[in-house]
Amino acid sequence: MFIEPAINRNSSPYQKGQIEVICGSMFSGKTEELIRRLNRARIARQKVEIFKPSVDKRYHEENVVSHNENYIRSTPVNFADDILLLSGNCDVVGIDEVQFFDEQIVAVSQKLAIQGKRVILAGLDMDFEGNPFEPMPKLMAIAEYVTKVHAICMKCGDLAAFSFRLSDSKQKVMLGEKNSYEARCRKCFYEDKR
Ligand SMILES: [Zn+2]
């Protein structure tokens, strides 16, 4: 069970850091869950910083934007190491679209947690072929808490853990993820997988 940590900044100069991973398919609400946790921390006046890889330019440059258009201001970075330099004296570090970061994100997350920061990572755990999406598996291994969120299968309505990429023939113009992918359960994913 996931436990929301209590950070008491007055009791001791030493804070306990931890790593949390929020994973799942597309349309599973990963970013919404990340934003929920970050907003709760911010309401408690904890210092929150949010980062995302600069390759993710689907929406506004400066915002982590979830699909229901909740947003939190964020900093796009080119390399995982940049997060170490930019996260300074914050209490909580949120990182979205973690699957697009280089392998260094694993060491960076560990360093931040050892510094006493709460690190919350959200990302796709499988690619469109249903294979583990590095570096997510490594992050899930070193995390204290892993939360897997699910979408709804767009074919049968069961819980979905897979991101199915629609073919060019089905979808002539592939602009943006919403038109290019469907959340699928295992059965419906492998029935149509080419
Ligand atoms: Zn299904």
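Cβ from N, Cα, C; glycine included.
Just so you know, TrEMBL annotations never went through curation; they're auto-generated.
Taken verbatim from TrEMBL:
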type: ACT_SITE; residues: Glu97; note: active site, proton acceptor
type: BINDING; residues: Gly24, Ser25, Met26, Phe27, Ser28, Gly29, Lys30, Thr31, Asp96, Glu97, Val98, Gln99; note: ATP binding site
type: BINDING; residues: Cys153, Cys156, Cys185, Cys188; note: Zn(2+) binding site
type: BINDING; residues: Val173, Met174, Leu175, Gly176, Tyr181; note: substrate binding site
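Lys30 (ATP binding site) falls within a helix when secondary structure is assigned with DSSP. Proximity of the binding-site residues (Lys30, Val98, Cys153, Cys156, Cys188) to ligand 1: a Cβ under 6 Å from the molecule is found for Cys153, Cys156, Cys188.
For the binding-site residues given as Val98, Cys153, Cys156, Cys185, the lowest number of other CB atoms within 10 Å of the residue's CB is seen at Cys156. Cα of the residue listed as 'active site, proton acceptor' to Cα of Lys30 (ATP binding site): a distance of 9 Å. Separating the Cα atoms of Met26 (ATP binding site) and Tyr181 (substrate binding site) is a whole-number distance of 8 Å. Taken residue by residue with DSSP, Tyr181 (substrate binding site) is part of a strand. Across the fold, the C-alpha of Gly24 (ATP binding site) and the C-alpha of Tyr181 (substrate binding site) stand 14 Å from each other. Distance between Cα atoms for Cys156 (Zn(2+) binding site) and Tyr181 (substrate binding site): 15 Å, as a whole number. If you draw a 10 Å sphere around the CB of Gly24 (ATP binding site), it holds 24 other CB atoms from the protein chains shown. Cα spacing between Cys185 (Zn(2+) binding site) and Val98 (ATP binding site): 23 Å, rounded to the nearest whole number. Each residue in Met154, Lys155, Gly157, Asp158, Ala160, Arg184, Arg186, Lys187, Phe189 lies on the same chain as Cys153, Cys156, Cys185, Cys188 and has a C-beta within 8 Å of the C-beta centroid of that Zn(2+) site, without being one of the site residues.
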